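**Student:** Annotation source TrEMBL lists domain 'ATP-grasp fold succinyl-CoA synthetase-type' at 29-237. The ATP binding site annotation in TrEMBL covers LYS75, GLY82, ARG83, GLY84, GLU142. Feature annotation from TrEMBL assigns Mg(2+) binding site to ASN234, ASP248. Annotation source TrEMBL lists domain 'ATP-citrate synthase/succinyl-CoA ligase C-terminal' at 297-417. The substrate binding site annotation in TrEMBL covers ASN299, GLY356, ILE357, MET358.
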Amino acid sequence: MARGLMNKLVSRTISIAGKWQQQQLRRLNIHEYQGAELMGKHGINVPKGVTVSSVGEVKKAIQEVFPNEKELVVKSQILAGGRGLGTFQSGLKGGVHIVKADEVEAIAGKMLGQILVTKQTGPQGKVVGKVYLCEKLSLANEMYFAITLDRTTAGPIIIACKKGGTSIEDLAEKFPDMIIKVSIDVFKGITDEDAAKVVDGLAPKLADRNDSIEQVKKLYKLFCECDCTMLEINPIAETSDGQLVAADAKLNFDDNAAFRQKEIFALRDSSQEDPREVAAAKADLNYIGLDGEIGCMVNGAGLAMATMDIIKLHGGTPANFLDVGGNASEGQVVEAFKILTSDDKVRAILVNIFGGIMKCDIIASGIVNAAKHVQLKVPVVVRLEGTNVDQGKRILKESGMALITAEDLDDAAEKAVKASSS
Ligand code: GDP
Ligand code: MN
């Protein structure tokens, strides 16, 4: 549930406006079971767990890892939060279930391969490819813990709350005073005082204060060493025997650090990502999927932003942000066009090219070529200007394609909005 809070802080729009260039997804997101393993390696207390991809693996996994457990927590692994309160499209309620050991097979069978819809997945949901089986700890108290990057201090900030579990968003609204924020000086690192402030904010009732301080310091160390952009544990819990444990794990990593975090980046699960973005990343296009009805193909991030704004101004909504870049090949333009046309929501395509380094004739050839590979079911509005514009226009004209040409950006947006609603 509470994964949403951090997602809101680090929202998608920021990544559009932010300083990304080559990479579509600025933050790698990994599964809970992977995050738990990483935390375990860094000395953080995590429940014992094992992952299965099929019902057939359940019996053996339990025999090997949990021979004596009576009950287990069965957790759907998807790259989105809110699983506890989610619902499967099959009707099954809850992506996290606590069941008797001999019922694990049955419940895992109802989760694997099924689509789980949560507050954070969107209505289309995400398919559960793996299920994480965890020891059932008796949780005496559930708290909230996160580390993220704060724009104000331009450094890491630890956020803690003595109440956690589900829906930190609601709590943050109702009891803002319960949320403790501690900024960390990256040069000094985390001090004992910083960590103590966090622990006092968590206010564990049973866990040893010094042990908890050590856990907080280890979490901060992991955050820095692994180039995290976010580390959220909701709940961080204390067991009835006084242990602080991370009972959930949401970790994001800075894509710019991929070169030095090879092991972590090998964990990327493309099956959970927007398929349009996966295809775009393969073609090395700067693409971000949105949910409007006008597909955009633009060169230059600034022009792409302006195009999205002007579409909005004329009452439409962009289906994507797409900057084909300054030196896109014809092949990349073809790929871009394929992505736009394969999107069911797209009701019109707007091509807006201001040729500079990018030449208008390359774009035109790309469009004509793409039209041979994909069936064009929606109107295409084209506005070309700049380098080789005449050749570009000639290529489009000679292709015999039914295109709507536009004179300028305003005209193009108006025509695209009109075409999308007719
Ligand atoms: P999320 O809903 O996607 O954030 O998934 P969580 O991993 O947070 O699981 C949902 C809820 O299940 C948690 O908030 C806990 O209340 C509960 N839960 C998870 N693990 C355990 C456990 O080991 N023991 C108990 N008693 N409850 C757990
Ligand atoms: Mn959680």
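Cβ coordinates come from backbone N, Cα and C, glycine included.
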**Student:** Please list, in sequence order, the residues in the chain of LYS75 (ATP binding site) that are at least six apart in sequence and whose C-beta is under 8 Å away from its C-beta.
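**Tutor:** GLU32, ARG83, GLY95, VAL96, VAL131, TYR132, LEU133, CYS134 - these are the non-local Cβ neighbours of LYS75 (ATP binding site), listed in sequence order.
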**Student:** Can you tell me which of these binding-site residues sit near ligand 2, meaning the Cβ is under 6 Å from at least one of its atoms: ASN234, ASP248, MET358?
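**Tutor:** Among ASN234, ASP248, MET358, near ligand 2: ASN234, ASP248.
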**Student:** Of all the binding-site residues given, namely GLY82, GLY84, GLU142, ASP248, which is spatially nearest to ILE357 (substrate binding site) at the Cα level?
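**Tutor:** Among GLY82, GLY84, GLU142, ASP248, GLY82.
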**Student:** To the nearest whole angstrom, state the Cα distance for the pair GLU142 (ATP binding site) and ASN234 (Mg(2+) binding site).
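**Tutor:** Computed Cα spacing between GLU142 (ATP binding site) and ASN234 (Mg(2+) binding site) is 8 Å.
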**Student:** So what sits near ASN299 (substrate binding site) in its own chain, CB-to-CB under 8 Å and at least six residues off in sequence?
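**Tutor:** The list for ASN299 (substrate binding site) reads ASP323, VAL324, GLY325, GLY326, ALA328, ILE353, PHE354, GLY355, GLY356, MET358, ILE363, given in order along the sequence.
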**Student:** From the DSSP assignment alone, can you count helix, strand and coil residues within the domain 'ATP-citrate synthase/succinyl-CoA ligase C-terminal' (297-417)?
**Tutor:** 59 helix, 25 strand, 37 coil
**Student:** Summarise the model confidence on the domain 'ATP-grasp fold succinyl-CoA synthetase-type' (29-237) as a single mean pLDDT, whole number.
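**Tutor:** Across the domain 'ATP-grasp fold succinyl-CoA synthetase-type' (29-237), the average pLDDT comes out at 95.
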**Student:** Considering each pair of residues in LYS75, GLY82, ARG83, GLY84, GLU142, all listed as binding ATP, report the largest CA to CA distance in Å, no decimals.
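**Tutor:** Taking every pair among LYS75, GLY82, ARG83, GLY84, GLU142, the longest Cα gap is 17 Å.
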**Student:** Between ASP248 (Mg(2+) binding site) and GLY84 (ATP binding site), what is the CA-CA distance rounded to a whole number of Å?
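**Tutor:** Spelling it out, the Cα of ASP248 (Mg(2+) binding site) and the Cα of GLY84 (ATP binding site) are 11 Å apart.
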**Student:** Within 10 angstroms of the C-beta of ILE357 (substrate binding site), what count of other C-beta atoms is obtained when all protein chains are considered?
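**Tutor:** Taking all protein chains shown, ILE357 (substrate binding site) has 12 Cβ neighbours within 10 Å.
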**Student:** Can you go through the binding-site residues ARG83, GLY84, ASP248, ASN299, GLY356, MET358 and pick out those with a C-beta less than 6 angstroms from ligand 1?
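**Tutor:** Within range of ligand 1: ARG83, GLY84, ASP248.
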**Student:** Where's the emptiest Cβ shell within 10 Å among the binding-site residues GLU142, ASP248?
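**Tutor:** Per-residue Cβ counts within 10 Å for the binding-site residues GLU142, ASP248 bottom out at GLU142.
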